[in-house]
Amino acid sequence: MDSPRSWAVAAACCWMNVFGFGLVRSAGVVYVGILETFSVSREQASWPVNLSIVCYMTAGPFVGLLARHIAAWKLTMGGCIVGSLAVSSCFLVHSVAYLNVLLGVIHGTSISFLLVFVVVINQHFLKYRAMASGISHAGFSLGAIIFSPLTHVLFSEYGLRGSLLLCGAIMLNSTVGVFLQRPPPASKLKLAQKRLRLEQTIESNPPKQKSMKVPASFVTCEPPEIGKESLVDQKIDVKKHDDAGIDHSVTKTMLGGNEAETGRHTGKDEKSEKKHQQFHPHDLPSKEIAEATDLEPTKGQSSSGSVLSFFTFPSFYLIAASQVLVFFIMGTYTTIIVDFSVDNGISRWYAISLVSLYNATDMIARFGSGFITDRGFLNKSTMMALHFALWSASLVLTPFCTAYYCQVVLALVGGWCNGCTMILIVVFFVELVGIDNLGVTFGVGIFFSGACGFLRPSLIGYFRDHHGDYEGLFDVLAAFAGLMSLLWLCTI
């Protein structure tokens, strides 16, 4: 973990997200293109881009379950290919209803398989998990920076259908990053080196316990044959013991030492000593090594064998609610900001630049904000509370500060808050349930986010089609962000 190859995996996940999610993060440009091409209401025009977001989120739990049985690279390869072909097939459509199926349902469901990169990242990183998560998530923002102006240029040149045909072809580049997700061939030497480092750590930092209950087979004159089963059956109760009561030679014998000269072992025959020397900690299952060295499992892993045991943790609901809100604000802002800016007299190109600036700052936050919490400058709960409060303030000001330069500042603030909160959500989930259950837990949170996304077209239609502006929608988003900030403050 945290090896040079791990950073290559993080870069590959970033590359895959650039091309896989670029069109989704450019929803505002596609939304305006649908409005102009099909002459429909804003609520109707928002459904295809919203369905693609909703479908890839609601498919999250099913993808998480599949990831427990199918290799990550196989899932992501299939998702990349099918999603790209679905977008290119939009060249043949002549109504919004067909766009809902191809661009919304099929494309959105396909790219949901790319979400298993979260598990891949957390399998390769431990110390720098937040930073690696930021790098991989930065692909979402980088894709939007590239695809937003590119889609607009293609739309101006070839129309909506032609631009979607070409975008689908460009999205096939995402398959390149999939190959690095394949697990490396198992190396017995590397495994032995890791376990040797664990053994050295145990010897240099023994657990501070009162006494140790040693199996009788280690201290009798004629020990029985030692194997995995006999060691597992006679567990060592580390919690109730102290260093003072541990005989040094017995400890060395248990850890594979080559010496058996203690008061309890003097006078023993050569056969007895050889049997002791044959035992080595590498023969222990990893679970037993963790138990014997007082390595605590994560909260979710220790509490229950059930995959859905995380539902019993109150903190899960706060993390999931934060995830829902981050996705909802991000999806709503990037969908309506182009139309909102054009309504307020900003040219189309400048309006599209706001999407790029928002995503650029989001990317910078995903790359760099992990450093703040990894180094301990702010704890993670404070980081969440601070940025939700800042995000709420920027959303309140958006309808009133309609000048382009004011919108630039607000887009930068919103993008930064988006990136800082997003990467911490994954870290919170890992700390709560561990890596084994991360896929399902993150998928459930994504599912809730997608389910709430069904409200977005109705809200857009209610405020813009019926009330004539987006001011009320920005106020609603700001209110929820402020409430979430208060909830995180309560956990500090």
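Heads up, the Cβ atoms here are built off N, Cα and C, so glycines get one too.
Residues or ranges marked as transmembrane segment by TrEMBL: 7-35 (among others).
Long-range contacts of the transmembrane segment (47-67) within its own chain (CB-CB distance under 8 A, at least 6 residues past either end) are made by residues 23-24, 27, 30-31, 34, 75, 96, 99-100, 103-105, 107-113, 115-116, 119, 307, 327, 331, 335, 439-447, 449-451, 453-454, 456-457. Look at TrEMBL and you will find 47-67 (among others) tagged as transmembrane segment.
The transmembrane segment feature in TrEMBL is assigned to 79-99 (among others). Long-range contacts of the transmembrane segment (79-99) within the same chain: residues 16, 19-20, 23, 34, 38, 40, 44-45, 47-48, 106-107, 110-114, 161-162, 164-165, 167-169, 171-172, 174-175, 178, each at least 6 residues beyond the stretch ends and with a Cβ under 8 Å from a Cβ of the stretch.
If you look up TrEMBL, you'll see 105-126 (among others) marked as transmembrane segment.
Counting only same-chain residues 6+ beyond the ends of the transmembrane segment (138-155), those with a CB under 8 A from a CB of the stretch are 13-23, 25-26, 28-30, 33, 162-163, 166-167, 170, 334, 348-349, 352-353, 355-356, 358-360, 362-363, 366-367, 415, 419. Here TrEMBL flags 138-155 (among others) as transmembrane segment.
As annotated by TrEMBL, transmembrane segment applies to 161-180 (among others). With a threshold of 8 Å between CB atoms, the same-chain residues lying at least 6 positions outside the transmembrane segment (161-180) that come near it are 8-9, 12-20, 22-23, 33, 73, 76-77, 80-81, 83-93, 103, 114, 147, 150-151, 154-155.
Residues annotated as region 'Disordered' in TrEMBL: 247-287.
Annotated compositional bias 'Basic and acidic residues' per TrEMBL: 261-287, in sequence order.
Sequence-remote contacts of a segment are chain residues at least 6 beyond its ends whose Cβ falls under 8 Å from one of its Cβ atoms, and for the transmembrane segment (307-329) they are 53, 57, 65, 68, 299-300, 384, 388, 391, 395, 414, 418, 421-422, 425, 428-429, 432-433, 437, 440-441, 444-446, 448-449, 452-453, 456, 477, 480-481, 484, 487-488, 491. Under the heading transmembrane segment, TrEMBL lists 307-329 (among others).
The transmembrane segment annotation in TrEMBL covers 349-372 (among others).
Positions annotated as transmembrane segment by TrEMBL: 384-405 (among others).
Look at TrEMBL and you will find 411-433 (among others) tagged as transmembrane segment. Here the transmembrane segment (411-433) has long-range neighbours at 118, 121-122, 129-130, 133-134, 137-138, 141, 298-301, 309-310, 313, 315-316, 319, 322-323, 326, 329-330, 333, 337, 354-355, 357-366, 369-370, 373, 380, 383-384, 387-388, 390-391, 394-395, 441-442, 445, meaning same-chain residues at least 6 beyond its ends whose C-beta is under 8 angstroms from one of its own.
Within the same chain, residues 42-44, 46-47, 50, 53-65, 68, 112, 115, 118-119, 300, 307-308, 310, 316, 319-320, 323-324, 327-328, 331-332, 335-336, 425-426, 429, 432-433, 470, 473, 476 sit at least 6 positions outside the transmembrane segment (440-460) and bring their C-beta atoms closer than 8 Å to a C-beta of that stretch. The transmembrane segment annotation in TrEMBL covers 440-460 (among others).
Positions annotated as transmembrane segment by TrEMBL: 472-490 (among others).
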(request) State the non-local partners of the transmembrane segment (349-372) in its own chain: residues 6+ outside its ends, Cβ under 8 Å from one of its Cβ atoms. (result) 25-26, 28-29, 128, 130-135, 137-138, 140-142, 144-145, 148-149, 152, 330, 333-334, 337-338, 341-342, 378, 383, 404, 407-408, 411-420, 422-423
(request) Take the transmembrane segment (7-35) and find every residue of the same chain, 6 or more past its ends, with a Cβ under 8 Å from one of its Cβ atoms. (result) 42, 45-46, 48-50, 52-53, 56, 76, 79-80, 83, 87, 96, 99, 103, 107-108, 111, 114, 117, 120-121, 124-125, 132, 135-144, 146-148, 151-152, 155, 160, 163, 167, 170-174, 176-181, 331, 334-339, 342, 348, 352, 355, 359
(message) With Cβ-Cβ distances below 8 Å as the criterion, list the same-chain residues six or more beyond the ends of the transmembrane segment (105-126) that contact it, or say none.
(response) 1-3, 5-6, 9-10, 13, 16-17, 20-21, 23-24, 51-57, 59-60, 63-64, 66-67, 72, 75-76, 78-80, 82-83, 86-87, 132-133, 136, 174, 181, 426, 430, 435, 438-439, 442-443, 446
(message) Checking distant contacts: for the transmembrane segment (472-490), what same-chain residues at least six beyond its ends satisfy Cβ-Cβ under 8 A?
(response) 318, 321-322, 325, 328-329, 332-333, 336, 381-382, 384-386, 388-389, 391-393, 395-396, 398-399, 459-460, 463-464
